[in-house]
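Undergrad: Below: one structure in structure tokens.
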Amino acid sequence: MKDIFEKLAAQENLTEAEITAVAEKIFKGELSEAQIAAFLMALKIKGETPEEILGLVKTIKKNAAVIPSQTSDAMDNCGTGGDKSFSFNISTTCSFVLAAGGIHIAKHGNRSISSKSGSADVLEELGINVVLAPEKLAQVLDETGIVFLFAQKMHPAMRYISPARQALGIPTVMNLIGPLTHPMDLETQLLGLYQADLQDDLAQVLKLLGRKRAVIITGPDNMDEAALYGKNHYTLLDNGQISQGSFTFEDFDMPKVTLEDIKGGDAKENAQILVSVLKNEPSPYLETTLLNAGLGFYANGKVDSIKEGIDLAREVIASGKAYAKLKALQEAQVD
């Protein structure tokens, strides 16, 4: 590791082979927590390249659990986290709306790393078993159109890196690659990113991973979700072509909602918020969900514009289908 640390300290990029070799050492348990933390920090300070990110992603995916699903067009909408916004679980709430709108959702997520409540925490609070066997998870997805894939269960070797991540307590390359290491080969993806200037790099990685269509979104104040109070920046990957765009709440005639308006709490509080949104109870949480679910429908290609996606999300929630999708998962993803 000495050569690697010296190279990173000199602000030199690693080759895919070099970072793959480091990743294999990490995921075999051959490096100490101190070495892993030093590696993550050195990479963060230098700045990660698409090649470095791809090398890590490939190594992690190679060792991931296999989900034997018959679903070939699955989508994920998880974000990187790490934005310190302490908002409610937006992408988790949106996943039920997207699934109710006809998209097969394989939601990849974890426990809280830098927030009060991760997706796994809030779903457990709702009675959903996040540690089922891969075969059962595949059955749930095929039968209900939605499933939650717990990252720790999908990537058991990640246990070697988790203590270092928690000790650091700040976003690292592992936040960036979390949404990229989905165990299934996704067709489409909505990826929330806490740093807008990294969007193009991640779009390049998604392209190399074979995504047909994807949207990477960074909200105001570097949120890893779209928000209704400032400018949102996104990158669209569509059949190999990459383009950028931006929007504000005013573009869609939606109300202004501040970050303070959508603060979440612990898993119990966030579970209550999620249910209230899916029951179509008016609130800033509902409006924020409509925006992000609309963006998800657009990322999937289900609609031709974000505005059409917002309208579809509104219709799906008002019809009761989104809440029904939650009930379906609660009944299916159990012991």
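We number each residue from 1, going along the chain as drawn.
Cβ coordinates come from backbone N, Cα and C, glycine included.
Residues or ranges marked as 5-phospho-alpha-D-ribose 1-diphosphate binding site by Swiss-Prot on the basis of sequence analysis: GLY79, 82-83, SER87, 89-92, 107-115, SER119. Swiss-Prot lists GLY79, ASN110 with the feature anthranilate 1 binding site, giving sequence analysis as the kind of evidence. Here Swiss-Prot flags SER91, GLU225 as Mg(2+) 1 binding site. What Swiss-Prot records for ARG165 is anthranilate 2 binding site. The annotation Mg(2+) 2 binding site is assigned in Swiss-Prot to ASP224, GLU225.
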Undergrad: Sort the binding-site residues ARG165, ASP224, GLU225 by C-alpha distance from ARG111 (5-phospho-alpha-D-ribose 1-diphosphate binding site) and give me just the closest.
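TA: With Cα distances computed to ARG111 (5-phospho-alpha-D-ribose 1-diphosphate binding site), the winner among ARG165, ASP224, GLU225 is ARG165.
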Undergrad: Distance between ASN110 (anthranilate 1 binding site) and GLY79 (5-phospho-alpha-D-ribose 1-diphosphate binding site) at the Cα atoms, whole Å?
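TA: Counting only the Cα atoms, the answer is 11 Å.
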Undergrad: Rounded to the nearest Å, what's the C-alpha distance separating GLY79 (5-phospho-alpha-D-ribose 1-diphosphate binding site) and the residue listed as 'anthranilate 2 binding site'? Just drop the number here, would you?
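TA: A Cα-Cα distance of 17 Å.
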Undergrad: Restricting to the chain of SER91 (5-phospho-alpha-D-ribose 1-diphosphate binding site) and a gap of 6 or more, list residues whose Cβ falls under 8 Å of its Cβ, or answer none.
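TA: Those within reach of SER91 (5-phospho-alpha-D-ribose 1-diphosphate binding site), by Cβ under 8 Å and sequence separation of 6 or more, are ASN77, CYS78, GLY79, LYS107, GLY109, SER119, LEU190, GLY192, GLU225, ASN292.
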Undergrad: SER87 (5-phospho-alpha-D-ribose 1-diphosphate binding site) has how many other Cβ neighbours within 10 Å of its own Cβ?
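TA: Other Cβ atoms within 10 Å of SER87 (5-phospho-alpha-D-ribose 1-diphosphate binding site): 24.
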Undergrad: Quiz question: given the binding-site residues HIS108, ARG111, ARG165, which has the greatest number of C-beta atoms lying within 10 angstroms of its own C-beta?
TA: HIS108
Undergrad: Can you see whether DSSP assigns the residue listed as 'anthranilate 2 binding site' to helix, strand or coil?
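TA: Note: the residue listed as 'anthranilate 2 binding site' is helical by DSSP.
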Undergrad: Of all the binding-site residues given, namely SER87, HIS108, ARG165, which is spatially nearest to ASP224 (Mg(2+) 2 binding site) at the Cα level?
TA: SER87
Undergrad: Measuring Cα to Cα, tell me the gap between HIS108 (5-phospho-alpha-D-ribose 1-diphosphate binding site) and the residue listed as 'anthranilate 2 binding site' in whole angstrom.
TA: 18
Undergrad: For ASP224 (Mg(2+) 2 binding site), just count the other CB atoms lying within 10 A of its CB, please.
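TA: For ASP224 (Mg(2+) 2 binding site), the count of other Cβ atoms within 10 Å is 26.
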